[in-house]
Amino acid sequence: MEEVAKRKAKAEEKPQKPSIYSLEMHDLENWLVEHGDKKFRAKQIFDWLYVKRVTDFDDMSNLSKGLREQLKDKFALTTLKTVVQQTSGDGTMKFLFELHDGYTIETVLMRHEYGNSVCVTTQVGCRIGCTFCASTLGGLKRNLEAGEIVAQVVKVQKALDEQGERVSSVVIMGIGEPFDNYDEMMRFLKTINSDDGLNIGARHITVSTSGIIPKIYKFADEKMQINFAISLHAPNNDIRSRLMPINRAYKLPDLMEAIKYYTDKTGRRISFEYGLFGGVNDQVEHAEELADLIKDVKCHVNLIPVNYVPERDYVRTPREQIFAFERTLKKRGVNVTIRREQGHDIDAACGQLRAKERKEETR
Ligand code: SF4
């Protein structure tokens, strides 16, 4: 109980100092010049943050004591505390991090043949209200600062450092709707993509949205070479509105138009995430309808057999049905894969770990 009270008190505190991870190189250069220091120090600081990955300003030994004190005074460096760390038999690692104000967020490390991929969270909770999602159950508490998103990747990289491995890709598919926290998400993207930052190539970064249409147009105009995914989950308006209330505000035909704009503008292929929900959207006729819907879009479909979410009623699609759905799409010439399930023996579905923790807190 004492712990719960402590977290509640922390949650009421105002954010203290901004995270230094929220600064892009040019921001840090400007700050240094404004504070009477040399621009080139920014590169040194980035090296400490992203290459040596120190957790204390005092370890930045090639900076003067005065500058270290100024940095300490102005910025926070260690912004996340590991509350829970679970490792699955297949190597998937799931982290529950506590933020400075006591809220908790999830980050997942997935192991693939092609490397280590980190799935980051962009908001504390989410207000989108997808009916299959545990992350939205408590609503949106607050947006994450860019530095709090960057810090997730740094923390996971530090865990991998112990095994001599590196984060090779990042997916923005954790808790939250990234386009509902657009500016911080963009700042995050630029920092992890920067040669001086974590240096993760644009083609190794994926952002996924539930379909906030105005932001899709904006994102298309950024012309970043990163991978873009849409959580589609339905072949028609009715089913989509049932699964994802956002579809009532941003309807499927308008979403498809925005997607067309994106693919025309960037020349890039798009990914459609399609969760299979037993008896809801997983029949062969749904696959046919989906093939019709996307026939003119340069795309790939990722079928996701959903995990059972205790708080929700959806059930898993039987194996044979999953393959029948895939076969139907393939026959129609759709580029499709079934997502390999990872972390089955831990709380792998988005938001489950945090939901469990929250339940325990409120007991
Ligand atoms: S699936 Fe994503 S967008 Fe939908 S409620 Fe969950 S976190 Fe939000």
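Any Cβ shown, glycine's included, is placed from N, Cα and C.
Values in this document were obtained by computation on a predicted structure and should not be read as measured data.
As annotated by TrEMBL, active site, proton acceptor applies to Glu106.
Marked as active site, S-methylcysteine intermediate by TrEMBL: Cys350.
The [4Fe-4S] cluster binding site annotation in TrEMBL covers Cys126, Cys130, Cys133. Sequence-distant contacts of Cys130 ([4Fe-4S] cluster binding site), defined by Cβ-Cβ distance under 8 angstroms and a gap of at least six in the same chain, are Thr136, Ser210, Ser231, Leu243, Met244, Pro245, Ile246.
Residues or ranges marked as S-adenosyl-L-methionine binding site by TrEMBL: Gly176, Glu177, Ser208, Ser231, Leu232, His233, Asn307. For Glu177 (S-adenosyl-L-methionine binding site), the count of additional Cβ atoms within 10 Å of its Cβ stands at 26 [all protein chains shown].
What TrEMBL lists as domain 'Radical SAM core' is 112-345.
DSSP classifies His233 (S-adenosyl-L-methionine binding site) as coil under the three-state reduction.
Among the binding-site residues Cys126, Cys130, Cys133, Glu177, Asn307, the residues whose Cβ sits under 6 Å from any atom of ligand 1 are Cys126, Cys130, Cys133, Glu177.
Within the same chain, residues at least six positions away from Ser208 (S-adenosyl-L-methionine binding site) with a Cβ under 8 Å of its Cβ are Val171, Ile172, Met173, Pro178, Phe228, Ala229, Ile230, Ser231, Ser271, Glu273. Cα of His233 (S-adenosyl-L-methionine binding site) to Cα of Glu106 (active site, proton acceptor): a span of 23 Å.
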